[in-house]
Amino acid sequence: CTVIFTRLATRDLHKPISILFCNLAVSDLFTSFSGFWISMLFITNPDITIFGSRDMLAPYSLYTTSILSTIYNLVSIGIERYLAVAESMRARFRVARNHSLAVVFTSWVLAFSLGCLPLMGWNCLRAGSSTSVLYSPFCVNYLVFVTLPNVVVAFLVPLFTYLRIIIILRKRKLRMQACGQATGTYRSAETQVARTSISIWLLALVSYAPFSAGVILDATNRRCHTDLYPGVYIFRNCTAILITITCLGNPLLYTLRLRALGAKLKALRCLSANRIRAG
């Protein structure tokens, strides 16, 4: 909420990256809200969060939708940062405000389309053979279909984009050194991007890898709920805590360092423009 109000108060939403940051905060807010909803259901009636009930479809669907939206936002931010730094691609395509709005709209449509499939009939309220043990009444095949591909995307795409940014900055630094020019700005930007990207990737790994492992365990498990109680459900709660930590870590990684990282990228663009005019 602090990130959203700050963005709206400073009227900084004309920048493409600011729109993506604000949308990421909205996704984190939805994740926190849906997690709170599930917690309240557990407090009032713990059995429905273990054995499943129709009442769990809506909060679990909202929770899935918000997590998917967060993943798509993280991927979009990584791609936008790559396009902002890659000079050759920026010459052909420049990210504008309308592009960010289109990405935000598309990510939410895709997240709602996939996250609300259980509400539209893909659930196991009646078919008990493929019911998820951890997230009843979701079906195991639905969890595998939604979770594993999106988690792989959340790992690989940011890893590729931020590695490409670091490689581009290092090449420019070597080119500047060959010309006998100062490279302090490039070296500082490379260090900043490397630290931030490693933190982003590790946070995603720590948050979503246990959740993916739980889905795989769910898919390979053949035992009933009572046989797995309470250890597996403690593990499920821990994965939910890790996802909540992601919602707290995203503002720290993306918002508090935005000005410093933005200043570095602005300085790099000025250096590139000066080299073009000098040429």
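Here the Cβ of each residue, glycine as well, is placed from N, Cα and C on the backbone.
The feature domain 'G-protein coupled receptors family 1 profile' is assigned by TrEMBL to 1-254. When pLDDT values are averaged over the domain 'G-protein coupled receptors family 1 profile' (1-254), the model yields 79.
Per TrEMBL, the feature transmembrane segment maps to 17-40 (among others). Away from its own ends, the transmembrane segment (17-40) comes close to residues 1, 3-4, 7-8, 49, 56, 59-60, 62-63, 65-67, 69-70, 73-74, 76-77, 80-81, 84, 97, 100-101, 103-104, 107, 240, 243-244, 246-247, 250-251, 254-255, 258, 262 of its chain (Cβ-Cβ under 8 Å, at least six residues beyond either end).
Under the heading transmembrane segment, TrEMBL lists 60-79 (among others).
Residues annotated as transmembrane segment in TrEMBL: 100-122 (among others).
Annotated transmembrane segment per TrEMBL: 142-167 (among others), in sequence order.
Per TrEMBL, transmembrane segment is recorded for 198-217 (among others).
Feature annotation from TrEMBL assigns transmembrane segment to 233-256 (among others).
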